[in-house]
Amino acid sequence: MEPGNINFHTRKWVRPEDLNANGTLFGGSLLRWIDEEATIYAILQMGNGRVVTKLMSEINFVSSAQQGDLIEMGLRATKFGTTSLTMQAEVRNMITRSSILTIERIVFVNLDEHGRPAPHGYTEVTYDRDRLPKHHLPAGPPQPWPAAAPAA
Ligand SMILES: CC(C)(COP(=O)(O)OP(=O)(O)OC[C@H]1O[C@@H](n2cnc3c(N)ncnc32)[C@H](O)[C@@H]1OP(=O)(O)O)[C@@H](O)C(=O)NCCC(=O)NCCS
C-alpha cells in the first residue's frame, strides 16, 4: 500500500482503556475506530447517511502501539461500484511513522429507506463536503427518510 496515496484525517490518543492484557493497543478498539472512520468516509463519498459495512478483507496488524502514542487513520477510495464503495485503510504511529495496521479492502454498501442496496450515482472521489446528507436519519429500524409525520 502506498502511504502517499492515503488521506490521513482522524487522530487518536491511546488511553488505558484502549489496551489489551499485554499493555499494548487492543485490536478491537482499533477496528471500532477504523470502522467508524470508514463509515464517515462512505457517508461523505456516497452522499447518504444510510450505509453499512459489507466486507473487510484481511487485516494485517503490522506493529503495535503503546499507551500515550498518537496514531492516525487513513483511507483511500479504490473503487466506486453501483451501490458500493471500496476503500483501503492504514493506521500508523504519528511519531515513528510506522504502520500499525493495513486493510486492503473495506466495502460499504449504500442503502435505500427500506435497507436495500441502492445506486449512489457517483464514480469519483470528492474532497469537498458537497455530498453531505441534508437530513437527520430517523431513529430505529429503516423507514422512509425523512420520516413521515405520524397520522393525527
Ligand atoms: C449490505 C447488504 C444489504 C447487501 O446485500 P446483498 O444481497 O449482498 O446485496 P447485493 O448482492 O445487491 O450487493 C450490493 C453491493 O455489495 C457488493 N458485494 C456484495 N457482496 C460482496 C462481497 N462479498 N465482497 C465485495 N462486495 C460485495 C456487490 O458487488 C454490490 O456492489 P455494486 O452494486 O457496487 O456492484 C446485506 O448484505 C446486509 O444487510 N449485510 C449486513 C450489513 C451490516 O449489518 N453491516 C454491519 C454493521 S454496519
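Even glycines carry a Cβ here, placed using N, Cα and C.
Note: TrEMBL annotation is automatic and uncurated.
The structure displayed is predicted, hence computed values, not measured ones.
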(Q) Need the matching range: TrEMBL marks region 'Disordered' on one of 69-89, 90-110, 132-152, and I'd like to know which. (A) 132-152
Q | the domain 'HotDog ACOT-type' (4-114), counted residue by residue under DSSP: helix, strand, coil | A | 25 helix, 54 strand, 32 coil
